[in-house]
Structures are given as structure tokens and as C-alpha cells.
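Engineer: The structure follows.
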Amino acid sequence: MSSIKIECVAKEGYRIGESPVWDEKESALLCVDITGRKVCRWSSVTKQVQAISVDAPVSSVALRKSGDYVITLGTRFAALKWKEQLVTTITHVDKDKPNNRFNDGKVDPAGRYFAGTMAEEIRPAVLERHQGSLYTLFSDLSVVKHFDQVDISNGLDWSLDHKTFFYIDSLSYSVDAFDYDLQTGKIGNRRSIYRLEKEESIPDGMCIDTEGKLWVACYDGGRVIRLDPETGKSLQTTVKLPVDKTTSCCFGGEDYSEMYVTSASDGMDKEWLSRQPQAGGVFKITGLGVKGVPPYPFAG
């Protein structure tokens, strides 16, 4: 762990950077700026960031098997053609809740796009409670709602044997597990596997490594923590970042040995921003000694 190196690779100052995803074909990191309404792509080759502006808060981005990307935009699942900068709506959710928007999303090992909603925030982490739901977009473009009463639908991932689905509802301060049926995409038997300590603050985005351990970005905690879902214990690997509002994490790079962490600057005053000039940046962490699992593309 002594060789860990943290570098800010995209100094864009995103308002709420989220949903980092490695695009192997492009040797690039995708992410979104939710309140900035942008889908962004940082090239590891040119070190440049390209961005596409969209017409609503965009909260997650995922690869698509047929090429290009899928995104969650407002309360819509949508398709994004990168070169044409073209967004097409696939389907709407939460039509009865005009104040809602999607938050984090991720594709499961069978190519289904899981994403959840929340009420729009009054200020960071302050919002009308229990307004969100968790959904799945299937490859035939049908949608299933798993449950509602969610505060801030957040980090998602699957165990290496695909039998467990991990999920975070941020204001519960808990990382939860469900039994997972890969054939049907059904989830059940919800249980908490880890409760966050006070200094870890609010659990946000999450990813899994090839050892089956979970990495959770801690919003307002300025860190990414590593958990063992089997024992429910935090491991000694905590990566502290030079910004407080760490939002999500993923593995990437040629062999998925680099970790990328997004962050936010919304809700920070001038004095706070002057102390943390890299707030809203995207960070690359090397030297962790573990690798991640490549992202699954949406099959629809």
C-alpha cells in the first residue's frame, strides 16, 4: 500500500461528478456531471476531456453492446450516440413524481441496466425522503420496479459468482446485499452487510475488485473504503483523497489495475473550495495492488 499514487486527471471542477465507467475500446473514462448536465469522456491517450451537454440532470452512463452508450437522464432511460451527440429516450419512470430524478446506475452481468431514483436535492444530501425507487431496464427495453421508499439510490454491483447484488441507499448509511437470480434479474432477501462509521460519512458509489471485495466512495468522507462483504468488516485499505466530496469509483486502465474516483463541488463555499481546489475533479489511483472487473455492456 505504500506505493499508492493519487493524481487528478480531469480538473474540470464538476458540480456533481458521478458514475465513472471504463471504456476499453476508447481507452477512456466516462463519467457524468449530474447538475452540470454533461456526459464526459477523458482519454487516457490524449489526456483530454470531451463533453456532451444534455437537457436534464444526467446521473449515470453505461456501455452498450451495440456500440455507444446508455444514460439515465432526468427520469428517463436514454441512448446516447457519441459522435452524433444524439440522445434518444428509451422509456420514462416515476411519471407521477415530477420532482424526481435518476441517480446512480450500472449494468448487471446479464446486460440489464439497474438504476434508481431520488427526489431532487434542496441542497447536498437534503431532500424529501422516501421518494425514490430501484428499476431495471431489460434488453427488450421493458422496465421492472423492484421496490420504492428509497432516499438516495446509489452504489450498485454484483458478487463475482453473480449470486449477490450489492446496493446502497445513501441515507441509510448502510451497504446492503440481496440474493440475486442472474437468469431473471430478480432480487430478494435484503440485509445490511456494513454500516458506515461516523468519519466515513455518507456511502455513495461502489465497485468490486477481483478478490470480491467492495470499494465504497464516502461522500463528505474524502475517502474510498474497502469492505469484505463476507465478514461485514472494513479492511485496512482506505484511500484518502484531497477532496471531501468523493462520489464514486471504478477500476480501469489496460489491466483494470487503476482506480478512478469522481468528486463533487456543489455545496462548497469559496473558502472551502480555496482549501480544496481539486474539488469536482476526477482522480486516478495507482499502486493499490488489486484489479477490478470490467464493466458489463447493456444488452439492449
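Yeah, the Cβs are placed from backbone N, Cα and C, and that goes for glycine too.
Automatic prediction, not curation, is the source of TrEMBL annotations.
Below, the features straight out of TrEMBL:
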- 16-265: domain 'SMP-30/Gluconolactonase/LRE-like region' (DOMAIN)
- Glu18, Asn154, Asp204: divalent metal cation binding site (BINDING)
- Arg101, Asn103, Glu121: substrate binding site (BINDING)
- Asp204: active site, proton donor/acceptor (ACT_SITE)
Engineer: In the same chain, outside Glu18, Asn154, Asp204, whose C-beta lies within 8 angstroms of the Cβ mean position for the divalent metal cation site?
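Structural biologist: Near the divalent metal cation site, the remaining chain residues are Ser19, Asn103, Asp104, Ile152, Gly155, Ile168, Ser170, Gly205, Ala217, Tyr219, Thr247, Ser248.
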Engineer: When neighbour density is defined as the number of other C-beta atoms within 10 angstroms of a residue's C-beta, which of the binding-site residues Glu18, Glu121, Asp204 has the lowest density?
Structural biologist: Glu121
Engineer: Are there residues of the same chain, six or more positions away from Arg101 (substrate binding site), whose CB falls under 8 angstroms from its CB, and which are they?
Structural biologist: Ile34, Ala56, Pro57, Ser59, Gly74, Thr75, Thr117, Met118, Glu120
Engineer: Using the recorded substrate site (Arg101, Asn103, Glu121) as reference, state which further residues of the same chain have their Cβ within 8 Å of the centre of those residues' Cβ atoms, listed in sequence order.
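Structural biologist: Once Arg101, Asn103, Glu121 are set aside, the remaining close residues are Ile34, Pro57, Ser59, Asn100, Phe102, Thr117, Met118, Ala119, Glu120, Leu127, Ile152.
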Engineer: Could you tell me the maximum Cα-Cα distance in Å between the residues recorded as binding substrate, namely Arg101, Asn103, Glu121, rounded to a whole number?
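Structural biologist: Between the outermost Cα atoms of Arg101, Asn103, Glu121, the distance is 11 Å.
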Engineer: In sequence order, which same-chain residues at least six apart have a C-beta under 8 angstroms from Asn103 (substrate binding site)?
Structural biologist: Glu18, Ile34, Ser59, Ser60, Thr72, Ala115, Gly116, Thr117, Met118, Gly132, Ile152, Ser153, Asn154
Engineer: Could you round the CA separation between Glu121 (substrate binding site) and Asp204 (divalent metal cation binding site) to a whole angstrom and send it over?
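Structural biologist: Glu121 (substrate binding site) and Asp204 (divalent metal cation binding site) have their Cα atoms 15 Å apart.
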Engineer: Mind giving me a neighbour count for Asn154 (divalent metal cation binding site)? Other Cβ atoms within 10 Å of its Cβ, every protein chain shown.
Structural biologist: 29
